[in-house]
């Protein structure tokens, strides 16, 4: 069988070190880069459900949404390509900036890339907060996207490189935790600002993105770069001193030697983009494409940035829809904390597969409930409190399944499996694919809801089955494996082993003695 086997033991190199406050502080501050992504995910769906925002920028949608005609199709009242372009334009910008960030990250370091992301996001927040026209809104969204592309490219790599391998899963998952905290804060603020008399609360929602931007700007100024990044730029002495601080021991020679060996291998790669096409990088390239592709086709972003719109479509009132989004946001945040505690205990594969099963069952139930209530014509009266509560419950169960599996692991696994010489490029591929399909889902969601109706949830449930089979057959377990030894993971895998041969691994190993003498 070509997969489904745990091929990696944890009996590799055991680098000396312990969990230190220095490494926790560094990873916590770096992970705050996830706040800007999460805040945007949460805020955009909330403002597009505010009547004052819709009446100012999207009057056609507002007229359809407030119509009292009982024959109106509930599935189609938010179907507007201009409205969805407001949400989705950000992700095209993030795609472009993540590609540029690969070069910046490799030449200038991860910290500078994070700082750039914060500055660009701050500019976008200011423009959106003072927007007077749709064009100003979209220009602001593009700047926000440039910032998110930089942050999402650099932060997961930073965390995986800085964290001790025994705690890499938990510390890397702080990034997803910050995303969920950003979503939750955005949901709470959307509700609070929607109650402001005069209907200008949406400006505070959009302009409030300045706060997470300033957190990552000032936070990144207090950070050092990662040991791998310092060595990649020939700053060996700084890297050694930093390793001593973050590992809490003086004996870091073995880890340092392996990092230098990886650097030497990376120096042989003149063009990391063309190197991606080499046979030995095929497993890593496959994961860089497949994992973010599948992550978006779980359907989570339908729940995240369209939750208020979705709940409003299902018959919830304006305030009730925002409150329901707050509930799912809270579940998302708390379930991510569960992943932080479990990922280094049970491993990546177990969480992937359990989460997939939970999401599939929840989607089937939600499909049945929506189909029963709205049918094919999309006409329904008010939802009873019990029925509405049941819909929210199963959406929360679905959200929890995602939040401790595909949510954090979609960022963790790609960032930890890439070789140093192509790490920046592959992370850019990972972010780009993520943004492409986030854009696609955001752009077509309202049209899908209008034309596919409850079948939209069946569509996403189908892909949850496909992605779970993919994980079972093709993803090896990486729990407890030092990031410098990931080549062995691929070499021992029943399927990927034919691409990453013994000869390639031995070649890297023979470079270590030479590298350690530098």
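Yeah, the Cβs are placed from backbone N, Cα and C, and that goes for glycine too.
Cross-referencing 51-74, 171-194 with TrEMBL places the feature transmembrane segment at 171-194. Of all ranges given (319-343, 494-518), TrEMBL attaches the label transmembrane segment to 319-343. From the options 246-271, 350-375, the stretch TrEMBL describes as transmembrane segment is 350-375. Of the Cβ pairs linking the transmembrane segment (350-375) with the transmembrane segment (454-475) and spaced 6 or more residues apart, 3 or more are under 8 Å, so the two regions touch. In summary, the transmembrane segment (112-131) does not lie against the transmembrane segment (171-194): fewer than three C-beta pairs, each 6 or more positions apart in sequence, are under 8 Å. Among the stretches 21-39, 82-105, 171-194, 200-223, 425-448, the one making the largest number of Cβ pairs under 8 Å with the transmembrane segment (319-343) is 171-194.
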